[in-house]
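Chemist: Can you read through this structure? Questions will come right after.
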Amino acid sequence: MGRKPVEALAMDMLHFEKQAYRQGFQLVAGIDEVGRGPLAGPVVAAAVVVPAGVRLPGVADSKKLSAGQRESCCEDILSCGCDVGIGRVEPSEIDRVNILQATFQAMIAAVAGLKTPPHCLLIDGPYELPLFIAQKGIPQGDAKSLSIAAASIVAKVHRDRLMCEYHLKYPVYGFDRNKGYGTARHLDALRRYGPCPIHRLSFGGVRASEGEGLETAAGRQSSEGKKGRRPRG
């Protein structure tokens, strides 16, 4: 079976948008999130309205693109007249309400961040937001809808940049590379140093390391204290 040309693939990615246009919805926002699984950092969502007639041939599911490709696509999205909103929920709120509810909060904030209220939402996943806006949940929507794919790229680029900034503040965890996910280096740093202020304390990987990290810190202080004492005599 031959591969579809780029034009055909682009048309496929506009199926849900065109369906919404036929129903009378002019402003269709794609919504996606990133950062549900990491042990550290916020969950970030983006809402993107791609103007009718705009083509973004390089845009695809953010997970299938390299970091450089995502950055390039993000610049294209931001420079082609797309309306973009970003929502962010911090680790303390994730711990308070759970990651699913925090994801919904981030999505709602992203919609609120759009310059013009959308008429219809296309949401990645089988979700429905508590908003009085027509909406459709699309499982694996970032591979099926141009608007959702654009949102996935914007959210991913925004969060990756945030985690690189956090790396400058908390370098021992390697956030510039792992972006908060539970890599071997990250878990080792958690065991050695315990969690930092942007860790999600309700997540199992962080909870499991808390005692070890605190014990290591206490042991280090005890050892340093002994070294600093003067012998009696």
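Glycine too: its Cβ is placed from the backbone N, Cα and C atoms.
Source: prediction; values computed, not measured.
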Chemist: ASP83, ASP95, ASP124, ASP160: which one does Swiss-Prot list with ASP32, GLU33 for the divalent metal cation site?
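Modeler: The candidate from ASP83, ASP95, ASP124, ASP160 that Swiss-Prot ties to divalent metal cation along with ASP32, GLU33 is ASP124.
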Chemist: Using a 10 Å radius around each Cβ and all protein chains in view, which of these binding-site residues has the most neighbours: ASP32, ASP124?
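Modeler: The residue with the densest Cβ neighbourhood is ASP32.
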Chemist: Using the recorded divalent metal cation site (ASP32, GLU33, ASP124) as reference, state which further residues of the same chain have their Cβ within 8 Å of the centre of those residues' Cβ atoms, listed in sequence order.
Modeler: ILE31, VAL34, ALA45, ALA46, MET107, ILE123, GLY125, GLY141, ASP142, ILE148, ALA151, SER152, ALA155
Chemist: Report, as a single number, how many Cβ atoms besides its own are within 10 Å of the Cβ of GLU33 (divalent metal cation binding site).
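Modeler: There are 26 of them.
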